[in-house]
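Per Swiss-Prot, the features are:
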DOMAIN    143-350  domain 'ATP-grasp'
BINDING   178-233  ATP binding site
BINDING   Asp303, Glu317  Mg(2+) 1 binding site
BINDING   Glu317, Asn319  Mg(2+) 2 binding site
Amino acid sequence: MLEKEKKCIGIIFGGESNEHDVSVSSAKTVFKALISKTNINRFWVKAFYINKHGVWLDNDQSLVLLKEKRKNETIDKNQVFPKREINFLNTIEFQGIDIWFPLLHGVNGEDGAIHGLLKFTQKPIVGGGILGSALGMDKILMKKIFSHLEIPQVNYLDIQNQDLSDDKVKNNLSVEIIEKLKLPVFVKPANSGSSLGISKAKTRSEIIKALQKAWEIDSRIVIEEGLDVRELECGIIGNLKLTASEIGEVSYSTDWYDYDSKYSMDNQIIIPADIDSQISEQIKDIAIRSCRALNIYGFARVDFFLEKISNKIFLNEINTIPGFTSKSMFPMLWNASGLNIDQLVAKLVDISSDL
């Protein structure tokens with residue numbers, strides 16, 4: 001079939017965030033799915049890689065990165081978009097793209113920034129819109145909305161507009177945290193993913209170190225009570241009608257589910273999770289309600305805590321561009337729900353066309 005008879009999917013990946021490498025891995029998975037035997041007669045792909053300095057590579061070099069296993073960022077300066085080009089969105093490289101598939105995890109991607117940029121092209125975008133992406137990325141705003149809607153969450157505090165370069169400020173905050181929350185606590189940057197910048201703190205001195213670590217990533221910080229929980233996850237796809245996947249559980253050998261354990265070979269993924277059917281249905285219901293509350297559509301992964309001692313469900317967070325790596329839960333959840341990776345990626349493209 002001629003390319004002009006297929007839909008051209010524009011993949012954007014890489015980026016300046018600290019989740020750059022995860023984005024590259026996700027893009028490789030999606031690219032392979034789009035050109036698989038299942039989808040080769042429906043789609044063809046243009047790709048645009050953004051390096052860690054914010055420089056865009058053209059389609060030819062970006063496709064090389066997707067097809068090869070190399071990690072270097074050799075750049076031919078004749079094949080890079082000028083960073084401040086006035087006619088950026090009208091460049092010939094973008095012509096012919098029917099649907100965008102952004103796979104930028106973290107800041108400038110998952111926070112809705114890339115969606116805002118691509119909206120000017122007036123082409124459909126796979127995934128959520130600007131508002132839902134921004135709210136899903138920002139843990140403080142997300143939690144305030146969920147509190148208003150009485151969606152269950154662990155107890156938390158948020159820190160904003162504080163100069164944490166001042167040791168006195170950190171000391172005072174550590175005292176307040178211990179007074180208001182039960183130890184241990186988790187200290188998180190408000191806008192970060194893949195557990196980057198997150199620390200578990202059991203003592204006041206550890207809280208001070210954790211505040212500094214989080215503040216180096218984001219000036220807005222969330223502190224949550226650390227309960228003894230199971231980590232459960234649910235996939236969501238759809239627009240007006242949202243559909244929930246099977247529930248999955250991550251079992252890990254480390255003290256908590258940090259960045260290294262998320263991409264470790266030692267994790268055990270259990271799908272469906274060994275939970276009561278009533279709990280499973282409650283999680284699916286909360287996942288759908290929470291996405292609707294934040295105006296999230298297209299696809300998302302919703303993460304939950306299930307307290308071991310009480311079986312209470314707590315919503316943790318929503319990921320509006322979940323990973324598509326070989327170790328990512330989102331495609332595994334949908335595979336267990338009847339959609340293999342090729343079918344899932346095609347489904348997400350079709351959903352974007354219906355908006």
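Residue positions begin at 1 at the first shown residue.
Cβ atoms are placed via backbone N, Cα and C, with glycine included.
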Pairwise CA distance, Asn319 (Mg(2+) 2 binding site) versus Arg220 (ATP binding site), rounded so that it is a whole Å: 18
Number of Cβ atoms other than its own within 10 Å, given for Arg220 (ATP binding site): 20
Among Ser192, Leu227, the one of these binding-site residues whose Cβ has the fewest neighbouring Cβ atoms within 10 Å: Leu227
Proximal but sequence-remote residues of the same chain as Val185 (ATP binding site) (Cβ under 8 Å, at least 6 apart): Ile177, Lys200, Ala201, Ile207, Ile223, Glu224, Glu225, Gly226
Segment-level pLDDT (mean, integer) for the domain 'ATP-grasp' (143-350): 91
C-alpha spacing of Glu317 (Mg(2+) 1 binding site) relative to Ser192 (ATP binding site), in angstrom: 11
Residues near Asp303 (Mg(2+) 1 binding site) in space but at least six apart in sequence (CB under 8 A): Glu231, Leu232, Glu233, Leu315, Asn316, Glu317, Ile318, Asn319
Residue with minimal Cβ packing [other Cβ atoms within 10 Å] among the binding-site residues Ser199, Asn319: Ser199
